[in-house]
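Chemist: The active site, proton donor feature in TrEMBL is assigned to 260. The active site, proton acceptor annotation in TrEMBL covers 431. Per TrEMBL, the feature Ca(2+) binding site maps to 113, 115, 506. Under the heading Zn(2+) binding site, TrEMBL lists 138, 140, 142, 143, 206, 228, 453. Per TrEMBL, substrate binding site is recorded for 298, 299, 300, 427, 428, 429, 430, 431. Residues annotated as compositional bias 'Basic and acidic residues' in TrEMBL: 1-12. What TrEMBL records for 85-280 is domain 'Metallo-beta-lactamase'. For 1-50, the entry in TrEMBL reads region 'Disordered'.
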């Protein structure tokens, strides 16, 4: 029975492959166009001569209809262009929208107190009836991190490979969204039909297993989206990238290639992940008498596998520390993406039963995150692990742009505690360098090139590479997040721009912190706060008490009593001035206090704290 079911499914897939995306048969696909071409002839026009006796019939001029415009797909990046992270792109044709990836970005330095930045999905909410699903290329935060926030408003199915969906399900569980969200596992080579689009998953290599490129079959043509990728001929897990499929697509004719730009400025090839395994073996051999702590990305399952392999080789027990690391390793192990021999993994509580040379600790914190496990160890606030002289700490990652200072700070703290810190040759990138990108262009031979995933300098360099690979200059399109690109067989044109600013997440608040709040936080962080409290009599507006002045982050009051006394005098003078004018508007009184005190403090100290007057009425 199972064989019959499979044959039925294959027959159905063959039928689907003969139909346009969305189920429109190619043979009948032009019927609407033919109907539009059959225009009604105009009626004959009757004209009378001036004497009203002679009647003339005027034959109408038959207008030749203009040929119909070729189908055009809209490509709308809602994030990920001109920045690192927050990758999300919508593809729209008529009544169908598919969304590729849904990532987050980490806050910039000036975004004080912000935890995450997620994309603005207003456009998707306004067109929610068109959205058919989220198609995810792989399980990194910059491609899946926003899903728990976005899926609350856009509850459509999520499609991805097995490990990718396993990681997504962990996130959905944390937000109590697992039961209400539809998910479907897609295998390499399998296609799904979503509205007017057919999407095929293509095997690639990356720093996480189960990464996929997408061949998007649209009414306008085939669009290839590489996702994050590299060409690794000796991957740790799984097979090498399916270059044959890219070549087959090139023979069919690729309308546009949307290719990863992260490493486009690096010449040559990205090294294989297996080279890191050899480095680990060497480090383990050279530090056989010391405890080894390895910090890496929680999602880099292949890297963790190689650390475990080295631990087994040198008879060490392995401890996994860090919430995200534990979650992903549990998922990867359950799904068969990581292999750990029996009695190798131990709980952190069991570390005390082993000597230092018997232990390897794999932890989060490779980016210097303040609350990650390694950062807490370096700051001596971790409840279970303390850094001791002789520990060997390996950073198996490179800092994400913007995190360099944090990583440097952690390295210094570890070194001050006597640890040996290693960060040379312990990481290889998961992104393609120039020669690998050129290979994809050579195989797919796209008519249009749309660089994605990177800051503008990356996109610009990618544009030059695309031209070197034969793409016409006019056919290389540099987009920014929010641009609406109309792409057809013979034209690529930016036709609109929609808001695509990031939405700030602060704790449980999503979108409630805007530019004004950030500006206030910046002001407070730079110059501190002065609070002025005055109590007035309700009817006469006479001062009953105060002014009392409270300083936070400006000066230490006990060491600046003279300054505070002079500040009270300035406030009293401002109050007297207002009351002498019979001013009763509290808003105006507050402004007078603020302006007078601000002028005084600037003249006295060349500092500009935030001043908050509070008037109480009795």
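Residue numbers in this text run from 1 along the chain shown.
Placed from the backbone N, Cα and C atoms, the Cβ positions cover glycine too.
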Chemist: C-alpha of residue 427 (substrate binding site) to C-alpha of residue 138 (Zn(2+) binding site): distance in Å?
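Modeler: If we compare the Cα positions of residue 427 (substrate binding site) and residue 138 (Zn(2+) binding site), the gap is 20 Å.
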Chemist: For the C-alpha pair, I'd like the distance in angstrom between residue 143 (Zn(2+) binding site) and residue 299 (substrate binding site), rounded off.
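Modeler: Pair distance, Cα basis, whole Å: 12 Å.
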Chemist: Sequence order is fine: just name those recorded positions in 115, 140, 260, 506 with a Cα within 10 angstroms of residue 299 (substrate binding site).
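Modeler: Qualifying among 115, 140, 260, 506: 140.
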Chemist: Checking your reading of the structure: which of the binding-site residues 138, 142, 206, 228, 453 lie inside a 10 Å Cα sphere centred on residue 430 (substrate binding site)?
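Modeler: Near residue 430 (substrate binding site), where near means Cα within 10 Å, the binding-site residues are 206, 228.
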Chemist: Given the binding-site residues 298, 428, and counting only Cβ atoms in the protein chains shown, which has the most within 10 Å of its Cβ?
Modeler: 298
Chemist: At 10 angstroms around each C-beta, which of the recorded positions 138, 431 has the fewest other C-beta atoms nearby?
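Modeler: Among the recorded positions 138, 431, the sparsest Cβ neighbourhood within 10 Å belongs to 431.
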Chemist: Please state how far apart, in Å and to a whole number, the two most distant Cα atoms are among 298, 299, 300, 427, 428, 429, 430, 431, the recorded substrate-binding residues.
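Modeler: Answer in Å: the longest Cα-Cα distance is 17.
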Chemist: Could you please provide the mean pLDDT value for the domain 'Metallo-beta-lactamase' (85-280)?
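Modeler: That stretch averages a pLDDT of 94.
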Chemist: Let's check the environment of residue 115 (Ca(2+) binding site): how many other CB atoms sit within 10 Å of its CB?
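Modeler: So the Cβ neighbour count for residue 115 (Ca(2+) binding site) comes to 14.
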Chemist: Identify which of the recorded positions 142, 260, 506 has its Cβ surrounded by the largest number of other Cβ atoms within 10 Å, counting every protein chain shown.
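Modeler: Output for this query is 260.
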Chemist: Checking your reading of the structure: which of the binding-site residues 138, 140, 142 lie inside a 10 Å Cα sphere centred on residue 300 (substrate binding site)?
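Modeler: Matched binding-site residues: 140, sequence order.
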Chemist: Hey, which of the binding-site residues 299, 300, 429 is the loneliest by Cβ count within 10 Å?
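Modeler: It is 429 that, of the binding-site residues 299, 300, 429, has the fewest other Cβ atoms within 10 Å.
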Chemist: Fill in the CA-CA distance, residue 428 (substrate binding site) to residue 228 (Zn(2+) binding site), as an integer in Å.
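Modeler: With the alpha carbons as reference points, the distance is 14 Å.
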Chemist: Measuring CA to CA, name the entry from the recorded positions 115, 260, 298, 429, 431 that ends up nearest residue 453 (Zn(2+) binding site).
Modeler: 260
Chemist: What is the separation, in Å, between the Cα atoms of residue 298 (substrate binding site) and residue 506 (Ca(2+) binding site)?
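Modeler: Residue 298 (substrate binding site) and residue 506 (Ca(2+) binding site) have their Cα atoms 23 Å apart.
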Chemist: Which residues in the same chain, at least 6 apart in sequence, have a Cβ under 8 Å from the Cβ of residue 228 (Zn(2+) binding site)?
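Modeler: In sequence order, the residues whose Cβ lies under 8 Å from that of residue 228 (Zn(2+) binding site) (at least 6 apart) are 137, 138, 140, 143, 206, 207, 211, 260, 262, 430, 431, 453.
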